[in-house]
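Take a look at the structure set out below.
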């Protein structure tokens, strides 16, 4: 699917030099209502001119500018007359390219640091406190600014923590303004975007919907489109947007593998088919999946079986649809970034629709490929999807198969479903559902001795996993109030048969992962 026309939106582009925060910079700019894209550092000045951005941000990165394979930038970009903000490595690269000096720091700075703003009237710091806490992560530093630059701020270990050439509108910060640990970082980014670049906040979801609908209609014409529905947010929003654009030309195939949460299959059908009129074919493949998974305990084998079987079921149904020329996917902008290449003609190799046979010739259509996850949720609500569906918990592709440790049985799935439903209900009752990144129940496969009534029991223990996070890359266990945990525990052992013990996982990520398998 061709990109929608974004020529009417003001844009700020972010050049990728390998920082773990690259996507975060792009998201921050979009949060201001300004369209932003993450582009490779190899982009040429001519290519930048065609994009016509209001500003450019050089991201951070793990390299030194003096490394043999240091990531570089086209020097002609500095001659375009476009404002530039360098962050961390981006500041050092700007310094080196423009004639300043970068040296190895005598003492590296990692973590919180205090800076003192020396030029309070600079557009980057105007109206902000002169002393600020920022987040540093660097082993090199600028020791001499290029000609025409002035020092804007300094820290104890970094005399040049920020600099600028106001005439050319080149600005730089050694700290990571994009992370929340920098207390005024977002204000600095906002000042660069609006005050320095003069960008307008004209990136709206309503405009995106209109442009997407027009683009889909133009590309699809009278052809039919098929889409695999997993029950998750991305595929549900994709289905809703496509339905708005082409109506009955879309057929969504919902493979019900029997591994979803309690009532989830029915909720998806109610929201999309009954609520919005999306044409969905529901395939009951529970027995087929359970038969293939019988006796399997290795988590990777479980994943592969589920992925392969999903594709086979999807293929069988797809062949029944006449005149289908397009295959739709819920690819997000994060997928595009992580692939490192243009994926417009590549089918994602995940369990939903990956691995299609070569004789099934489809053109790929990815209406969400320019959106981040949080933007997809906003889009879903704009399109009329229920709030609970749009904001539902992240859920792994293999479903409950990787929350049941070891062999999967109907009995174990029932235990996890029922216990998880109680957890979700009580978290919602306590008003905690949007302050916890992810929460679920897993069945670790252990039994323990207990006493219920006057008798001894030897039943399963279930484990509650609840974490707080910003992006899922790192996570801390959620500090759920004890009275809420107690209520959840009491309900589970009383209402879920064959459970006599409830455990709470207090491990962070790292060293643990969020899921168990």
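Residue positions begin at 1 at the first shown residue.
Each Cβ is built from the backbone N, Cα and C atoms, and glycine gets one as well.
Annotated features in Swiss-Prot:
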- 88: active site, nucleophile (ACT_SITE)
- 176: active site (ACT_SITE)
- 178: active site (ACT_SITE)
- 230, 231, 232, 233, 234, 235, 236: ATP binding site (BINDING)
- 11-202: domain 'Glutamine amidotransferase type-1' (DOMAIN)
- 203-392: domain 'GMPS ATP-PPase' (DOMAIN)
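When other Cβ atoms within 10 Å of the Cβ of residue 235 (ATP binding site) are tallied across all protein chains shown, the result is 23. Listed binding-site residues: 230, 236. The one with the lowest count of other Cβ atoms within 10 Å of its Cβ is 230. Taking the Cβ of residue 233 (ATP binding site) as reference, residues of its chain lying under 8 Å away and at least six apart in sequence are, in sequence order, 373, 376, 377, 380, 389, 390, 392.
Taking the centre of the Cβ atoms of 230, 231, 232, 233, 234, 235, 236 as the ATP site, the nearby residues of that chain (Cβ within 8 Å, site residues left out) are 229, 237, 238, 268, 330. Distance between Cα atoms for residue 236 (ATP binding site) and the residue listed as 'active site, nucleophile': 39 Å, as a whole number.
Contacts of residue 232 (ATP binding site) defined by a Cβ separation under 8 A and a same-chain sequence distance of 6+ are given as 330, 392, 395, in order along the sequence. The shortest Cα-Cα distance from residue 230 (ATP binding site) to any of the active-site residues (88, 176, 178) is found for 178. Here the binding-site residues are 231, 234; the one with the fewest Cβ atoms within 10 Å of its Cβ is 234. Cβ environment of residue 176 (active site): 21, 60, 87, 88, 134, 135, 136, 137, 182, 185 lie under 8 Å away, each six or more residues apart in the same chain.
Sequence-distant neighbours of residue 178 (active site) (same chain, six or more apart, CB under 8 Å from its CB) are 21, 24, 25, 28, 87, 185, 186, 189, listed in sequence order. DSSP assigns residue 234 (ATP binding site) to a helical segment in the three-state reduction.
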